[in-house]
Amino acid sequence: MADTQPCDPFAEYGLADPFIPSDFFWQPGMLVAGVDEVGRGPLVGAVVTAAVILDPKYPIVGLADSKKISEKKRLALESEIKSHALGWALGRAESDEIDQLNILHATMLAMQRAVAALPVEAHAVLIDGNRVPALQCPAQAVVKGDGRVPAISAASILAKVARDREMYALHARYPQYGFDRHKGYPTAVHMAALEQHGALAEHRRSFGPVAAAIAQGNLF
């Protein structure tokens, strides 16, 4: 194994409620990836995941749950994470895969893809939430991990920024849906647009509001 030491969330990050890893995840030389997802709840687009292995020599100040920091801060942290992490990768499952598998299994698939795409092999993985996909290395779920494990916080930021960019691109094609504002979540604006303009090819047909629109013949 490499000589790299795992990040110490107590000494380097000062988290209010840090996750205390087992001795296994605390071994010298362990390269531990943090994994998180964004986009389980929206009615449109892919679920996007990220995997990040932080470099303990470059602790990144300001890491937090991506939902609790501003877009400007997320963009700044995205650049820093990509510049200083030992490895990072994105994964995804498209809307048609979500329809085929269901959102839970599609999310697990997207997480597997992110871990597999890492440029350096992770010896272990910490995953936000309470479920763990089948992986080639040991893994542990961490409830509210995006606020308790720095590497998961970093993954949440990369996934959020990546998916938001996709929603901005979709908004450029279909501005009448307001994707730049709600990012595909079932807000009143999105529901009204779905009823008025119909479902797009990018909409998740297995999700109730989209299925209802299609049943009424509302297709863009």
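Every residue, even glycine, has its Cβ placed from backbone N, Cα and C.
Residues belonging to the domain 'RNase H type-2' (30-219) score a mean pLDDT of 96 in the model. Residues or ranges marked as domain 'RNase H type-2' in Swiss-Prot: 30-219.
DSSP gives GLU37 (divalent metal cation binding site) a strand state. Residue environment of GLU37 (divalent metal cation binding site) contains 28 other Cβ atoms, counted within 10 Å of its Cβ in all protein chains. Per Swiss-Prot, divalent metal cation binding site is recorded for ASP36, GLU37, ASP128, and the stated evidence type is sequence analysis.
For ASP36 (divalent metal cation binding site), other Cβ atoms within 10 Å of its Cβ number 31. The DSSP secondary structure for ASP128 (divalent metal cation binding site) is strand.
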